[in-house]
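According to TrEMBL, the protein carries these features:
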ACT_SITE  C193  active site
ACT_SITE  H272  active site
ACT_SITE  H359  active site
ACT_SITE  H363  active site
ACT_SITE  H392  active site
ACT_SITE  N396  active site
DOMAIN    51-332  domain 'FAE'
DOMAIN    356-438  domain 'Beta-ketoacyl-[acyl-carrier-protein] synthase III C-terminal'
TRANSMEM  29-50  transmembrane segment
Amino acid sequence: MQLTYNTSQFYLSPSLTPTNKESCRAMEIFMTMSLLTLFFGFFCLCKLLLQRRDQSCYMLAYECYKAKEDMKLNCDSSAKIVMRNKNLGLEELRFLLKTIVSSGIGEETSCPRNIIEGRNPTRADELCEMDGIIFDTLDKLFARPSSISPSQIDILVVNVSMFSPAPSLTSRIINRYKMREDIKTFNLSGMGCSASLIAIDVVQNLFKSYKNANAIVVSTESIAPNWYCGKEKSMMLTNCLFRSGGCSMLFTNNKGLKHQAMLKLRHLVRTHIGSSDEAYDCCIQAEDESGYQGFRLTKHLTKAAALAFTMNLQVLVPKVLPLREILRYLAVSRLKSAKSQKPKADEGVGLNLKTGIEHFCIHPGGRAIIDGIGKSLGLSDYDVEPSRMALHRFGNTSAAGFWYALGYMEAKQRLKKGNRILMSGFGAGFKCNNIVWEVLKDLGDANVWKDCIESYPPKTLVNPFMEKYGWLNDEYLSFLRLDFSQLFAELQLFC
């Protein structure tokens, strides 16, 4: 009995005690939980990567609008429209002369027929203008050999700031092209000249929820019912700058169509400073003292634009510029701060954006806008040429202006695989929006520029309006107040 007892006691190891058994079991549970946690983390990482893969936004194609010959607004047509306004005196005519001459707009721009013919717009005129631009560009887009059919469109976004009929413009498009019942549609209004970039942001966010989706963005502006007939100078500027134009764009997040894509969206930053009263009111639709409706641009516009642009770049720049350029900028800024040197007005932002961006697509809203942004970013004449030429050939086409400038780059065969394009624009509210695209293949389609690209850039951008109507500046006319509309009619009959 004693021997047996001692033998049993000999084989009873410490590892088999109840306390150690519990420790071992706890260790097993801990290891299992750790493995499960690692597995779950790996699963979430893979899911996130797959989601990001499906959230890419590719541009497959775009088509810009080119108006008919009978809508052309050359120097003489502009003069007829100006002289038709009997509210204008000599001072207002001189202001318009100066504005038109310095606007950077050429002889080939266009506007709606009711304005050229001097008719008050009807509902038919308003819809005819929209249908002409929207359907023309969409017909061409869907007619492309590799394009997607209307029945394959999942998302439709239309932006027209100054016109919102019922049924909506998206409904008119769906009705014409017999699109699917489950299509997701959005109408954007009041967004101003950078609305097409906002529309692309809408598409990009929707792509996060819909796999293998195709989207159409239509961007244009309504001119026919929004021509200003008063004499307030701050509201007359829009008549000198805005012209008919539009663009339809096709996007997808389908990886299977990547080989057809032209561009890939890399970064999109939006800034809105509408909480400031000055910024909100600097660019606003209103009535003048005589009750004429128009678009008022105030002296605070440049200040609001500079503030919004600076705030936007503070977010965008770290995403697109190499680290060495940011470190260089910080070092130079710190050195100047130590020496108590204030930056000069003509130094711009101080960053060399060309280290991360090859092409710059500034919204062609006017010569002052293009020159101002170009100077602040340290851009050359070559860099801002696409925007200047788009303004000269087509005028300020509002939110569609970016794509005329992009078309110029493509027609000049500037866009090579791997290049990055920065699109910068402003809008009422006040807002600034910037997009960075990556070029996915060498591009060289002449598109809307095919009949005139060989003549661009022209030898001079001087507008002939001064040569023909410079007599308005003669001093001996200062004491006169003439009925210029009648005078112009008589001169036309005489000639």
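Along the chain as shown, the residues are counted starting at 1.
Every residue, even glycine, has its Cβ placed from backbone N, Cα and C.
Features as recorded by TrEMBL, highlighted on the structure.
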residue	record	Cβ contacts under 8 Å, 6 or more apart
C193	active site	H363, G365, N396, S398, A399, G401, G425, F426, G427
H272	active site	A308, G429, F430, K431
H359	active site	D383, P386, M409, R414, L415, N419, R420, I421, L422
H392	active site	G104, I105, G106, P458, L461
In DSSP terms, the domain 'Beta-ketoacyl-[acyl-carrier-protein] synthase III C-terminal' (356-438) comprises 38 helix, 21 strand, 24 coil
What residue among the active-site residues H363, N396 has the most other CB atoms lying within 10 A of its CB?
-> H363
